[in-house]
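See below for the structure under consideration.
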Ligand code: SF4
Ligand code: SF4
């Protein structure tokens, strides 16, 4: 082993009360098979898996019961034998506290494995190529066991040369000891996994970083890795958050992962020891990931310890295995006390990312308390391992100034909780940061939408102006020509009109005029077609416009019906316009998204036809809407209807739109669930700030020149005023909840506005 | 239910921070009493009572809960700090008026704890100094408890003495032998200053305050005092004199470090402290007032947001340049 063990350090961080020895008194125990397994389809980051078994089907241990859906996804395997009794939504352990689809298996106690594994075990994996290894890891359903649950095979396909593999054995959160015991008791399997991963990513060596409060783990790993000089065990200081990926990288290499980048950007790949072991077992023993080590601990657990538990085991079953509760728990957490999250109950399954179940006694953890104002003491800044300014972040997050939080590098925050831990005012800082991040993501989404809408709007505006201009020019030219014709009726040859292409070389000025008009129009149409890009709504609007233009032209033109020449011209033009607009009703109805590229005039016409149909749905409705008594309500209704119609027209064929709609629905659902829980002081504070801001914006936009926007603004102002009236009822949680919900709604509408206005 | 991590219990609270500050002030107060009699205790009692009363009234007027904000200790600390800046022989109402302005104008009008841009005690002090210059500049002579023959007369402070004597064209070398100067910077006052220093070091050790502001302030003061003193020690007092005279050490550890009104970034705090140090020297040497700590602190309070803006730390994973605003 190299003597060169220079360690670096990350800034900030904390010494915490680790309380790990509670759960390390017993060796890891293999938990029995529970009577029922609940396997969520989404246990990893990315798309949920798709079930491939049916209710009533018998499954065996290790059998694939759900297949990955998309690239960032992994399969799920039955963790024991039994019968699938349900595929339905069940509560899962997730920050959101929501339910999600799960496969429920009633076990039969026989724990029967597949007769033959789904792939072949390999003794000497050094002969395997990287691709096979990755595929095996994927098929084994391995997702990062450290907590984030990112599909591991992706990190095995770096797509560039990797300098060093880092195994993150710095389990720095208090209470959790699953990695520690795994390293101490299964070091050889971890080292085996390291060797597989090195092989797969083609890295020359590996650093295993272990905190100095885990001497057993260090000794075991050193012994196991003694034969492989590529692998070094590095002892690092016990300091929270040493196990943060970025912090451990800094400690071991002295380098920093670039902001918003990945360790891979500096030639590093980081894995968790549990993941390494799972990789080993998948390759060497052809075992999919059906179990993991889980720490069951906390002041109310009779015998805190680590279990090797089947994925899907109900948490209360594991707690019973640990002797049950000695008293009712004050709080249940999944993960550690610094970064874990509260669980509503213990009737939730162990999933691939469940590293710890913490059942704390009342008073063991932080009591509920009101936060005091920030006194700007700077304790948070000193503790922040990322060198952010938590106090300023808090200030702006609280005020709803999310753009400022972003400028203060909010997105570099690793949510380690150091700042909140040292804050003498007991402000739930991390909660504010999470909230701000969520808001910014939502805003970004809305902004992207709004940008698209604005572009559509501007394109339309430009087109309208151009059309108007051209119509004027054409009319002027027509008049001039008619005058000229009358003047020189008999003798003179009228010179071709400027810009007109002499049609068929004819010297008939009328024909020339018609030709000129046609050419102009065609050119315009082509231009229109290409301007309409591939956006169906823009196309729809264009088509509607064109049709309308055509009909007005028609009526204009038919008035001077006694002039045959004018009539002829008008007719020609109308025909042309109709054709361009897709006039014939029997034009093929193709879905807008599939419209051919519009640089071809015919294609443009077809596209226009399709679009016209959409336009009927999208464009006409608001104009026809019966005038309600309240002009504001009317304006809003119209704008909303238009928006809804536009979305409708757009959605069916467009998966992106669908996804956004789904996300929006989800968000709405989430907000609906969280809003009543508005005794949450953070939500309340931010909601208040937002309501105020909305009111301000509403008044500010009064001078907008778009009547719809103005109407909405006015309505919003009214609403904000109502909210403002509601907010002084500060002490009443119901009133507060309502105010918060209202403010959120106002904010949403504010974000929608650009759409409505276009 | 607490909705978000971290869930570990915390040790510190605003109250515990304030208690630490009071504890750190204790040695200085004891020395003060020993050398100048119990006048300062009377001032402390009056100012603390008045501060708490005005705080309670303001909270009540603003419809805020009384208990958490009265028990956080911040009004208490303001009262004590204000009292420590008052002459021990000042009339009782001085402390009351000062408290009114400190709590009312210095703190509550801005929204109370955490929102005041200025150091409340210094607001109170400056209002008093401007309004009642006579009462605010009458300082007692050294009157140690072990000296049984008290003569209860007022005496000029070292800063005052130096100022008036320099104006009479005496050199500092001549002045330094005067009784008012003591062994370094004012008979008796030097000891109190050293006790403040001790308390400050205690707070540093406890982590109650961070080192940047006191270090910056003392460094700033030293760096500007040193060249002048080296060039002309007859006209310009030594850095040691400036350290121990007036409110330098009390200011460096207890006043400039008031976190609410100070800069918050680490580099910003260093700069903030240094500029206070420089200003203190400038005001003492060329300004119209004998001491400059209060004015310097208030002036820098104004600059704190700007200083913060230009001293953002380099964030993990960012290069230095992109972190600058
Ligand atoms: S630790 Fe808390 S009180 Fe202190 S500056 Fe940070 S947020 Fe404010
Ligand atoms: S939670 Fe974010 S801001 Fe707070 S200490 Fe951790 S990284 Fe810094």
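Just so it is clear, glycine is given a Cβ too, placed from its N, Cα and C backbone atoms.
The 10 Å shell around the Cβ of residue A:377 ([4Fe-4S] cluster 1 binding site) contains 27 further Cβ atoms across the protein chains shown. Look at TrEMBL and you will find A:374, A:377, A:380, A:423 tagged as [4Fe-4S] cluster 1 binding site.
For residue A:419 ([4Fe-4S] cluster 2 binding site), the count of additional Cβ atoms within 10 Å of its Cβ stands at 30 [all protein chains shown]. What TrEMBL lists as [4Fe-4S] cluster 2 binding site is A:384, A:413, A:416, A:419.
Here TrEMBL flags A:452-475 (among others) as compositional bias 'Basic and acidic residues'.
TrEMBL lists A:492-506 (among others) with the feature compositional bias 'Low complexity'.
TrEMBL lists A:570-590 (among others) with the feature compositional bias 'Low complexity'.
Sequence annotations record features per position, and here TrEMBL assigns compositional bias 'Low complexity' to A:598-623 (among others).
Marked as compositional bias 'Basic and acidic residues' by TrEMBL: A:746-758 (among others).
Annotation source TrEMBL lists region 'Disordered' at A:452-506 (among others).
Feature annotation from TrEMBL assigns region 'Disordered' to A:570-638 (among others).
Residues annotated as region 'Disordered' in TrEMBL: A:739-758 (among others).
Cβ-based neighbour count (10 Å, all protein chains) for residue A:384 ([4Fe-4S] cluster 2 binding site) stands at 27. The two recorded residues, residue A:423 ([4Fe-4S] cluster 1 binding site) and residue A:413 ([4Fe-4S] cluster 2 binding site), show a Cα separation of 16 Å. Among the binding-site residues A:374, A:377, A:423, not one has its Cβ under 6 Å from an atom of ligand 2. Among the binding-site residues A:374, A:384, A:413, the residues whose Cβ sits under 6 Å from any atom of ligand 1 are A:374.
Here the candidates are the binding-site residues A:374, A:377, A:380. The one whose C-alpha lies nearest to that of residue A:416 ([4Fe-4S] cluster 2 binding site) is A:380. Of all Cβ atoms in the shown protein chains, 28 besides its own fall within 10 Å of the Cβ of residue A:380 ([4Fe-4S] cluster 1 binding site). Chain B has a C-beta under 8 angstroms from the C-beta of A:374, A:377, taken from the binding-site residues A:374, A:377, A:380, A:384, A:419.
Same-chain residues with CB within 8 A of the center of the A:374, A:377, A:380, A:423 CB atoms, the [4Fe-4S] cluster 1 site residues themselves not counted, are A:375, A:376, A:378, A:379, A:390, A:391, A:394, A:419, A:422, A:424, A:425, A:427, A:429. Excluding A:384, A:413, A:416, A:419, which define the [4Fe-4S] cluster 2 site, the same chain contributes A:12, A:380, A:383, A:385, A:386, A:388, A:390, A:414, A:415, A:417, A:418, A:429, A:430, A:433 within 8 Å (Cβ to the Cβ centroid), listed in sequence order. The distance from the Cα of residue A:384 ([4Fe-4S] cluster 2 binding site) to the Cα of residue A:377 ([4Fe-4S] cluster 1 binding site) comes to 13 Å.
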